[in-house]
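Copied over from Swiss-Prot:
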type	residues	note
ACT_SITE	Cys131	active site, acyl-thioester intermediate
BINDING	Ser162, Val163, Gly164, Pro165, Gly166, Thr167, Arg168, Lys169, Asn170, Asn273	NAD(+) binding site
Amino acid sequence: MTRKIRCALIGPGNIGTDLLAKLMRSPVLEPVWMVGIDPDSDGLKRARELGLKTTAEGVDGLLPHVQADAVQIAFDATSAYVHAENSRKLNALGVLMIDLTPAAIGPYCVPPVNLMDHIGSGEMNVNMVTCGGQATIPMVRAVSRVQPVAYGEIVATVSSRSVGPGTRKNIDEFTRTTAAAVAQVGGAKDGKAIIVINPADPPLIMRDTVHCLTETAPDEARIVESVHAMIADVQRYVPGYRLVNGPVFDGNRVSIYLEVEGLGDYLPKYAGNLDIMTAAAARTAEMFAEELLAGRLALQPAAQAA
């Protein structure tokens, strides 16, 4: 049997449970622990049924088992408010943290844009921005790699049913972190992010709108080509990522309209916001796992982790 890198998941909510389904299919990652705080949570129950070890004592319930169970990568799908402490405790044991909260204490990772930049940099914490960021930043980058973008604005519309209590508590962090990453990763000089939580029933599929203001008149042909190439890159790990309309050109404004259909691993297919976040996190962790398995990466305990 091929050796796999063992992982722990923190937070058995919508995102953590959807991520677990993806990790169960991974050729290089083996989920062994699910960490929560409510012993009666559906996510912990599902994890136990799938053969994972579980604790309802939070990260402190996992720490004594990290070395015995050879956990090397942890995914935090809890809240920005507790992530820094979770990361500090696990980094101190040499565990690499993939952050699915908007805490953003580590560098941003949007796989089709900057995944390979994280190889060999020695970081012990990478941040997956937000679901809105994962869906829209590739499009901002698709424009900015053609010509300078003065301003990028994204609007992510998601179904109320797909947004759990952790995400709801982090709305301000969501908008700040996404806007910062639109600039830092997307390449816009200034960024803004808006999230709309839609209570419609039946639930609507995730929809995203991206507006970019270019500094000079848009090179329409090259932007169209760049956008389609980037969409193909995202579809490699999120097959339900689709261009609905655009790029639409109006003066220096370039507008791109997207929808994201999920695989239906945990919530139904309308919850593409879960899918794009968890698929990006799994893709990022697999890259690190491949480096670990090949002997090109060694994780060091971080004495003074963030």
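Using N, Cα and C of the backbone, Cβ positions are placed for all residues, glycine too.
The shown structure was predicted, so the numbers you read here are calculated from the model rather than taken from an experiment.
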Original post:
Do any residues at least six apart in sequence from the residue listed as 'active site, acyl-thioester intermediate', in the same chain, have a Cβ closer than 8 Å to its Cβ, and if so which, in order?
Top reply: Ala156, Val158, Met206, Asn273, Leu274, Ile276, Met277
Original post:
Cβ distance under 8 Å to Gly164 (NAD(+) binding site), same chain, sequence separation 6 or more: which residues?
Top reply: Gly13, Asn14, Ile15
Original post:
When you measure from the Cβ of Ser162 (NAD(+) binding site), how many other Cβ atoms are you left with inside 10 Å?
Top reply: 27
Subject >> Lowest local Cβ density (other Cβ within 10 Å) among binding-site residues: Gly166, Arg168, Asn170 >> reply: Arg168
